[in-house]
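A.B. asks: Copied straight from TrEMBL:
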ACT_SITE  Lys10  active site
ACT_SITE  Asp137  active site
BINDING   Pro95, Val96, Ala97, Gly98, Gly99, Met100, Ala101, Gly102, Gly103, Ser104, Ala105  ATP binding site
DOMAIN    67-145  domain 'GHMP kinase N-terminal'
DOMAIN    204-278  domain 'GHMP kinase C-terminal'
Amino acid sequence: MSVTVRVPAKVNVQLAVGAARPDGFHDLANVFLAVGLHDEVTATPADALRVTCSGPDAGQVPLDRTNLAARAAIALAGRHGLEPAVHLHIAKDIPVAGGMAGGSADGAGALLACDELWGTNASREELLDICAELGSDVPFSLVGGAALGTGRGERLTGLEVGGSFHWVFAMAERGLSTPAVFREFDRLTETLDVPEPVASQELLDALAKGDPDALAAAVSNDLQPAALSLFPELAGTLAAGRAAGALAALVSGSGPTTAFLAREEESARQVAEALRTSGTCRTVRTASGPVPGATVVAPGR
Ligand SMILES: C[C@](O)(CO)[C@H](O)COP(=O)(O)OP(=O)(O)OC[C@H]1O[C@@H](n2ccc(N)nc2=O)[C@H](O)[C@@H]1O
Ligand SMILES: Nc1ncnc2c1ncn2[C@@H]1O[C@H](COP(=O)(O)OP(=O)(O)OP(=O)(O)O)[C@@H](O)[C@H]1O
């Protein structure tokens with residue numbers, strides 16, 4: 001018997017960042033959109049906890065108890081008085097350390113897979129609680145679609161989206177550490193008055209209408225200057241996508257993946273092709289969103 005769960009990546013269409021809090025985290029107005037790049041997590045009974053990973057970036061994924069999938073299994077087992085005796089296999093297609101919540105997706109996926117495998121029947125509320133303990137992005141990986149995250153990004157309100165948006169993602173030659181990008185944000189804003197983060201009404205309206213031009217005019221990422229400061233070559237990738245006709249070009253979350261919004265599927269393909277030949281990135285993918293969050297795809301024997 002094993003259970004497989006499919007979990008999407010995310011792009012942040014707005015990431016408004018407040019000043020550092022006493023606990024080191026930052027309050028956010030974080031508008032997430034789940035996009036059609038997926039990891040799959042398969043949970044199979046085993047003698048002891050074990051994590052394996054396949055896919056082009058598998059070598060960069062830790063296979064010990066720091067892996068978010070392992071931490072999710074340990075957290076669920078702990079709450080239900082069980083041993084986390086499970087083999088978790090991650091089929092990884094989401095770029096690692098790319099700002100697309102790849103590790104978070106695996107945490108949410110493992111949690112749902114183990115809940116199904118062990119019959120723990122955790123309520124949605126308990127699952128979301130565990131997700132929030134694992135990381136700020138993990139609750140969104142569970143729910144998917146589109147949502148506004150407040151607090152450190154873990155308190156979610158679902159958003160209506162009136163259509164599908166077409167994206168191109170350019171993966172960079174190396175990763176960026178999320179804490180390092182937030183630290184660089186703190187350094188760059190040290191002498192500034194950082195306002196309270198608020199969601200943009202124009203952006204929420206654009207999502208609700210499904211209007212790519214309006215969304216392109218409203219996207220923003222307060223972490224972008226920090227990501228560019230740590231990884232200046234990303235400016236060249238953003239320029240190449242804009243020159244190829246992208247409606248908007250931005251760093252995805254803490255980066256270094258860059259995201260390009262296109263009006264339709266065909267123009268997304270053209271932007272992707274231009275980026276592939278630009279020599280400014282490692283690989284290029286297209287994906288649309290919103291898509292559903294963590295979903296059981298194969299419960300079975
Ligand atoms: C940049 C985003 O991906 C945007 O969605 C998220 O804010 C980051 O979410 P995440 O990777 O799940 O982050 P966590 O594992 O919760 O935190 C990693 C580190 O990022 C920083 N961090 C994260 C979230 C937040 N609201 N403020 C922060 O300052 C902290 O240094 C924290 O130690
Ligand atoms: N299941 C996992 N998959 C990938 N990385 C993981 C996983 N579990 C832990 N990690 C660690 O987390 C680091 C960040 O990886 P991840 O792919 O989650 O970054 P990210 O997509 O930038 O995250 P976010 O967008 O949530 O900030 C990796 O360098 C790795 O050491």
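Backbone N, Cα and C atoms are what each Cβ position is placed from, and that goes for glycine too.
Distances, neighbours, how buried they are, the whole picture for these features please.
C.D. replies: The 10 Å shell around the Cβ of Lys10 (active site) contains 31 further Cβ atoms across the protein chains shown.
For the recorded site, Asp137 (active site), the DSSP three-state label reads coil. Neighbour density for Asp137 (active site): within 10 A of its CB lie 29 other CB atoms from the protein chains shown.
All protein chains shown were included, and the count of other CB atoms within 10 Å of the CB of Ala101 (ATP binding site) stands at 31. DSSP assigns Ala101 (ATP binding site) to coil, not to a helix or a strand.
In the predicted model, the domain 'GHMP kinase N-terminal' (67-145) has a mean pLDDT of 97.
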A.B. asks: Can you give me the same-chain residues 6 or more apart in sequence from Gly103 (ATP binding site) with a CB-CB distance under 8 Å?
C.D. replies: Asn67, Leu68, Val96, Gly135
A.B. asks: Of all the binding-site residues given, Pro95, Gly99, which residue's CB has the most CB neighbours within 10 A?
C.D. replies: Gly99
A.B. asks: Running a distance check here. Ligand 2 versus the recorded positions Lys10, Pro95, Gly99, Ala101, Ala105, Asp137: which have CB less than 6 Å from one of its atoms?
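C.D. replies: Only Gly99, Ala101, Asp137 qualify.
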A.B. asks: Tell me whether Lys10 (active site) sits in a helix, a strand or coil according to DSSP.
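C.D. replies: Once the DSSP labels are grouped into three classes, Lys10 (active site) ends up as strand.
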A.B. asks: Relative to ligand 1, which of the recorded positions Lys10, Pro95, Ala97, Gly103, Ala105, Asp137 have a Cβ found under 6 Å from one of its atoms?
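C.D. replies: List returned for ligand 1: Asp137.
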A.B. asks: From the centroid of the CB atoms of Pro95, Val96, Ala97, Gly98, Gly99, Met100, Ala101, Gly102, Gly103, Ser104, Ala105, the recorded ATP site, which same-chain residues not already listed sit within 8 A by their CB, in sequence order?
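C.D. replies: Here the non-site neighbours turn out to be Ala9, Ile94, Thr257.
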